[in-house]
Amino acid sequence: MTKSTKLRHCKQKKKKPEKTPKGNPPILITEKSIEDAATTTSTTDALLGSPEGSRSKSRKLKLCCCTAQAATLSPLDPTSYGGIASTSAHNGMVGGLSRDSRAASRTSKRGSSKSLNRPQIDADEPSTSGTNPDRRPSTHFVLDLPVVSTRLRKLSEAFFNAQHGDKIDLMNDWEIGGTQNKWVCPSDRHLHLRAQLKSGWSVRTATARSPTNSKAQTGSITAAEQEHIQKVLAKAEESKSKEQQRIGKMVDRLEKMRRRATGNGVTHCLLCHTEFGLLASKSYAAMCVDCRKYVCQRNCGVETTDVNQTTGKVETVFLCKICSEAREVLWKKSGAWFYKEMPEFQRPDDRLPYYVPVTTNGTLPNASSAATPLSGTPGGAGPQPMTMPSTSSCQMTTPKWASPGVCNSPGLQMNGGPTSPLPNGTRRNTGHGGIEFPSSSRPSICSVLQAIEPLDRSKSPRPRIQPRWVNEKVMSSMSVDDEEKAASSSDGESFVQSGVPRRALNNKTPVGSTSATTSPAPPPTSTTPTSRREANMERFSRHTHAHANRLYSTDDDDDSSPESRPSTRSTSPRHSLATPSSYAHDTCHDTSLPDADTRSIDSGVVQSDHSNPQQSGLTCSSSSLTPLQQQASHDHHSGGGTPRRISNPDRTTSRVAQSASGTSLVTPPPPISSRTSPDNCNSSPLNVMEHKSSSASTASSGGNRRVGSAEPVLNNHHAMHNNQNHNDINKKLISQTSRAESPLAASSSFLSSPDDDTKQKNRRRDGVGRVNSLQLRTSLDDVAPPVAPISKMNGHIVSSEPTSSTTSNQNHTSVPIPTVPVVPEEEEEKAITASTESASEPGSLGSITLTLTYHSADKKLKMHLIRAKNLKAMDSNGFSDPYVKFHLLPGNTKATKLTSKTIEKTLNPEWNEEMSYYGITEDDKEKKILRVTVLDRDRIGSDFLGETRIALKKLNDNEMKKFNLYLESALPVPQQTKEEENEDRGKINVGLQYNIQQGSLFININRCVELVGMDSTGFSDPYCKVSLTPITSKAHRAKTSTKKRTLNPEWNEQLQFVVPFKDLPKKTLQIGVYDHDLGKHDDYIGGILLSTSAKDERGRQWIKCIENPGTLVEAWHRLELDS
């Protein structure tokens, strides 16, 4: 390589210093240059072709202030204010840069290597700590000329275009690198600048009234703007009308589905009318949780999920297709879930709307007013929206099946609750013309369906199935108006509860009646007591004859239509024991028993109205035709309640005459006597005995003849014969026959057993012999005329034989009194025995066998459930799936509930299962009763089979006792008051032991029983906190584990506290039971304090622990709220 080549390579390797191109020298901008550039703005505008040649003074000042503030406040970010810096630089370049700016540029060229792309602080400037602290150091920006020129040109064009069209809002900074959203609120410096210029908030508020433009006000809305507004309103009305029509079509489709439902929901499917027969499987029928009706499980219902309001958990529920569609239409698709009310809708047909406005005179509006177009609708065309107006302007049209007593209220009466179509009660005036739902939860679908019930439901082919107990009222105790209201309200309530409207009452002549027809009762002309009493007596006469004619044809007194009377026996999947049967010939029921709960014990399932087919073989007892003394006295002392229906006195007297003489003797029915004082409500046992003997003898001799239906009725007033001899007899019989003939003695008591049947029969036989001998002496030896059978009706003592005084005052002639021969003692004894046995039916519900043992040392009640026999068949396959529940009454039923296992498909289950109650003290043993309930487990809910009760005070300590008891109907359960709940917080079992070798106190937390449920589910998540006070160490505090969802937790945990033995008498052991909660403080259930100064068992246990170290001392303590 030559020397010249090497020299060339060396020159190439040497790094040449970078030089700034001469064509585009960098420009340094300082605060001084920016101030000088502001004076040359007019020159820049002229050179760039401004049409006006110069800008206004205000716009110059605005631009200069903005650029100066931008360069001063943010010197370290030249890119964000590039537009402002470029504008100032361009103005300086075109008009001639100032002397300071050129000098600064030369200074930057000579020696500064750090001036590129970075702000510089001039070294010639004095420090801020000098004589002038307010002066800030000079800041320089190095910008390229092409970038400055481009941004200047764009910004200048924007300013010039603003003179001809849309104005540009400089306060939004979108031209200078800010956001392009024109609705962004300006910053504080922009507002401050506009306040100085008095230009308003923004450019768009320039036309508003202000101190500077108060005279330049624009006019009103133009015609074009008004037309545009009207188009928008018309479009909104059109969309609203379409939405109303859409909801109306869905509601109409739902109503058509309800009309096509022809089944009764009990023995037949509600939708397809398929009968649930004995050959069909039980799974084919399922009950809807909303309407409580049975439908086919496969084709007529759907399973869906729902949130339980009490537990908050998602559960699987079964709905019929009607209720499922109602949920979709009335809650989801209609938008009611959002508005919390049912919106307005239009029906597609021309029928009357659901809610029709009522004028002041009570008539419907005429067709012209109903056809008035809606205001705001274009042209007024289209159907009227059928709104649901508020209660202030319109009255809700109630269905025909609603009772008259609730028709005046805005809502329907549901189950005796508040008058409202909503579940929680009141119907609020929403102002939107709709039904407002409660905001807390979704309303019941049945309540919404009833709230929008149409007017033509009487045409529905759905039959009416009404239980007999609905109309079991004493007819004579009501006036004309009260009876009609009560009857209609009872009929309406039974079907409001099920969500199915009932038909209008068909007052037709019964099919089985062959006697003379009754004429309609004339309406009362006045409201005086005399006229009301006369109308009452007339109607009662008609009612007694009609009821006597169809006694064995139907049990419904209001409706005898063929479609409401079942043609076959009930094969319902749910056969109710406690509910009286609605089968046509099943009228034999014991009314002497107390009123039983006719609904399910477990799940609140409404039982069916049909009883078991096995009950059809029972004979008709006379107790269903005879008033009972204790039932009436119970009604009298209770002061309220509707008494049960009793037999007619004319039929009873005629039966007495038939059974005695063997001939058909007709006695006139007594009229209704005037209402007497409550003192006349009691009758002697002789009257009850005479009625039982006479009616029972008639039943035993096969006398099914209908007496008093076709014979002429005599209108004679009867009075009770007051004879001293008979009063003496009554006083004697009260002490002799009250126990033998009382309804509770005749029926199975709660401590009766099948082994006691022989004793009861012997006792009844002895009572019958004494009564017959007394009756024989009375009828043959006494001088006074014989006493006729006395009937008691709603507290009125009515005799079937008139006295001579009343007869002479009315007819002035003596009426011949037929003599009644004495019934032989043997026949009467058999009749009364059969009557009492059929009335009480001691084995009709079966029996149960179990043993009980009370261990006094451990405070434990041990139960051994053995078996049950002859239970009722509640399933369609002829069997039941029985299980047993135990409760301790009175007390918290949920805390004391014990449940046995379920034996499937049997009527004679064998359990052989042992269960125990802990913490049963001597006080509990004397006060509490063990309730034993037998239930049939089903897919949804449970059916009641029977129950019995055992008093714990009958048990001996540490001795096993066997019970074989008859099952009875459901008895009322006493409810705890708030005071009792606060007192009874539960019990805890604690063991104490002091170990001298370790110097520690051991506390055993064994278990708690009968705790109070603190959560919304009725349960608690309990745990214990234990502390030894006064606290000298952190180790003297401890707590147990948490037991989830229980009221009887069992811990069996041991806690250890190190404490000297000599300090124990001064210490106090504090134990508290708490309910664990998430997200809030734990609830305090109760606690105890153990110390030497404590009372009762608490002090004794602590003293025993101190006196006997090394010995475990256990005791039960009752928790207190204020411990």
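For all residues, glycine too, the Cβ spot is worked out from N, Cα and C.
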Residue in D957, D984, D1015, D1122 which Swiss-Prot records at the Ca(2+) 4 site where D1075, D1077, D1083 also bind: D1015
Per Swiss-Prot, member of D858, D875, D923 binding Ca(2+) 2 alongside D936, D938, D943: D875
Residues close to Ca(2+) 1 site centre defined by D875, D881, D936, D938, Cβ within 8 Å: M874, F879, S880, P882, R937, S942, D943
Helix-strand-coil residue split for the zinc finger (263-328), DSSP-based: 11 helix, 22 strand, 33 coil
D1015 (Ca(2+) 3 binding site), number of other Cβ atoms within 10 Å: 15
Shell of the Ca(2+) 4 site beyond D1015, D1075, D1077, D1083, same chain only (C-beta within 8 angstroms of their C-beta centre): M1014, S1020, D1021, Y1074, H1076, D1082
Same chain, 6+ residues apart, C-beta under 8 Å of the C-beta of C300 (Zn(2+) 1 binding site), given in sequence order: C269, L270, L271, C272, C320, K321
Site of maximum Cβ density within 10 Å, from binding-site residues C269, C296: C269
Neighbourhood of D1021 (Ca(2+) 3 binding site) by C-beta distance under 8 A, where only residues 6 or more apart in the same chain count: D1015, T1042, K1043, K1044, R1045, T1046, D1075, H1076, D1077
Extra residues within 8 Å (Cβ to Cβ centroid of C269, C272, C296, C300), Zn(2+) 1: G263, L270, L271, H273, T274, V295, N299, G301
Chain-internal residues near D936 (Ca(2+) 2 binding site), provided their CB is under 8 angstroms and they sit 6+ positions away: M874, D875, S880, D881, P882, S942, D943, F944, L945
